[in-house]
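TrEMBL annotations:
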type	residues	note
BINDING	Glu28, Asn283	substrate binding site
BINDING	Gly60, Glu89, Gln94, Ser120, Ile142	S-adenosyl-L-methionine binding site
Amino acid sequence: MASPMRNLLASPTRYLQCFRLFLTHSTEHQCMREFIERQLPDVIASIGNKKSTINILSVGGGAGEIDLLILLKVQARYPGVTINNAVIEPSADQISKYKEHVAETSNLENVKFTWHEETSYEYESRMNAEKKSEKWDFIHMIQMLYYVKDVSATIQYFHSLLEAQAKLLIILVSGNSGWATLWKKHGSSFPLDDLCSYISSAEITRMLDSAGLKYQLYELSSQMDITSCFIEGNEDGELLLDFLTETCEFSKTAPPELKRQVIEELRKPECSEKRDGKVLFNNNLSVMVIEP
């Protein structure tokens, strides 16, 4: 009998609902902000040398909150320089939110935005079909490599678009995160349907090493409050379980034994720590900055 479990991405509305809840329950954006504040200035220190225009490509830009923080840092490093910021994002809803965020942000007069409502693979195919090969001074792929079919080929394609002084920045869950532990153990039981792959920085650094690419690695500490996941029938808990397992309505559709095992796994110290009566999931991230 076919399993009633469906991949979360098969329901874009529920996916976004889960994702937004995840952002409110985790320090995901806070730890990225800290990285942008402290480390990003060094990363972008040479991308715009002697240039009157800086070209930035955001692959999977989402609703743009993190993109705009990056742009403000690039502006601060290269005052008065024109910035072309192109965004690849398949969700019309996210692009619409991105445009709202741009409208609410001041001091973006020298930034020109273009949005491409497509996946990274569709972008690559279109560029190849049009025989275009635009070069970029900075490319970033933040939390999006789970959703591409061929991760290594995707990294190599975008890496090939870097200018001489450019950088490719990738952010992904860390190989020592609760995500990596949960996926290693139970990933094969979740409904992937070719829509996503359970990949962490551990796999990416192996790919970069075997391709002989030079990169720097930064580890970001992050947590997610998953206390509600242990309250039967709690709506927030059910949405967070969906997000953790990439499964639409996991609580209702997963076999009882799988659900029991996942809940048990989430309590273990390899995945979470208990603090002040809360269960905090290890949401650590890795940042990889790759040279041309």
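FYI, residue positions are counted from 1 along the chain as it appears here.
Using N, Cα and C of the backbone, Cβ positions are placed for all residues, glycine too.
The S-adenosyl-L-methionine site is set by Gly60, Glu89, Gln94, Ser120, Ile142; from the centre of their CB atoms, other residues of the chain with a CB within 8 Å are Ser58, Val59, Gly61, Gly62, Val87, Ile88, Pro90, Ser91, Met141, Met144. The most crowded of the binding-site residues listed here (Gln94, Asn283) is Asn283, judged by how many other CB atoms sit within 10 Å of its own CB.
Note: the CA-CA distance between Gln94 (S-adenosyl-L-methionine binding site) and Glu28 (substrate binding site) rounds to 18 Å. The two recorded residues, Ser120 (S-adenosyl-L-methionine binding site) and Asn283 (substrate binding site), show a Cα separation of 25 Å. Counting Cβ atoms from all protein chains shown, Ile142 (S-adenosyl-L-methionine binding site) has 20 others lying within 10 Å of its own Cβ. Here the binding-site residues are Glu28, Glu89, and the one ringed by the most other CB atoms within 10 angstroms is Glu89.
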